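Student: As annotated in Swiss-Prot:
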ACT_SITE  32  active site
BINDING   126, 127, 128, 129, 130, 131, 132, 133, 134, 135, 136  ATP binding site
ACT_SITE  168  active site
């Protein structure tokens, strides 16, 4: 499913758009989790990245990227907002390494134009949490610039560019549910109402979605390095889970607490440390929330829906 576009510009006005237009594009892009994550061997041709076989699921926790054209030659700017910026708020953070900025540069190079765009990111997705917040920001930037510059490139072309930036960025362009292979960048969408989606629902991947988040962060390379040492635990749908828990034991405690409270599924999200729990109904969701609060095994609880999709808005 393609991103939802709201408030489209009248067709008659499109030819008037140029770099000086005051039009602003806003994209809300959801977090991602991995319902399954099988990790294979590392490949030198992929820069040492591991082979992955995963089922992506976008969940309704959104970062918002706002893009406005600047004067020609003015260059780009980046502003970060939100209460959960993590390391992004550090004065040592290089904005040119921000995922959204890298996505802007990649789009500018592909379009053969200068990246004269003002970006504002409102963060709600926890940082360094295994929820794809940086990938969501990159995907949102690509969708915004595609609209702002009136490129009208199809999703497949955007995914080709996104694959040069990160494993799950191609998925974040559309959200929903999808299979990911290669190093995670090869996307096969799972259509709403399809047999594959119904199978996931029957397995318990439906209802309320709860995210247990932490102030602490995990480095994805460190988690993969630990995985190379300890491997996957038997029965784990996420092969990185044992490695993440060894580095962040509270994640394991949160999984145990959610499971005992009646979660249909509870697991480390991606490389962690966040924990995602699916609850069949409101009562089960409330039990999980209560036990997480009572035992303090998570620092922040986010309630969300899934599957979710990006939303694109246009304002004058």
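For all residues, glycine too, the Cβ spot is worked out from N, Cα and C.
Worth saying up front: this structure is predicted, and the values here are computed from it rather than measured.
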Student: With Cβ-Cβ distance below 8 Å and at least 6 positions apart along the chain, what are the contacts of residue 168 (active site)? List them in sequence order.
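Tutor: Listed in sequence order, they are 32, 56, 132, 135, 180, 184, 185, 270.
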Student: Counting only residues 6+ apart in the same chain, whose Cβ is under 8 Å from the Cβ of residue 134 (ATP binding site)?
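Tutor: The answer is 98, 99, 100, 127, 166.
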Student: Tell me, if you would, which residue among 126, 128, 130, 132 (binding-site residues) has the fewest other CB atoms within 10 Å in the structure shown?
Tutor: 128
Student: Quick check: with 126, 127, 128, 129, 130, 131, 132, 133, 134, 135, 136 left out, which same-chain residues have Cβ atoms within 8 Å of the centroid of the ATP site Cβ atoms?
Tutor: 31, 125
Student: By a 10 A CB contact count over all chains shown, which of the recorded positions listed here is most packed: 32, 136?
Tutor: 136
Student: What three-state class does DSSP give residue 32 (active site)?
Tutor: strand
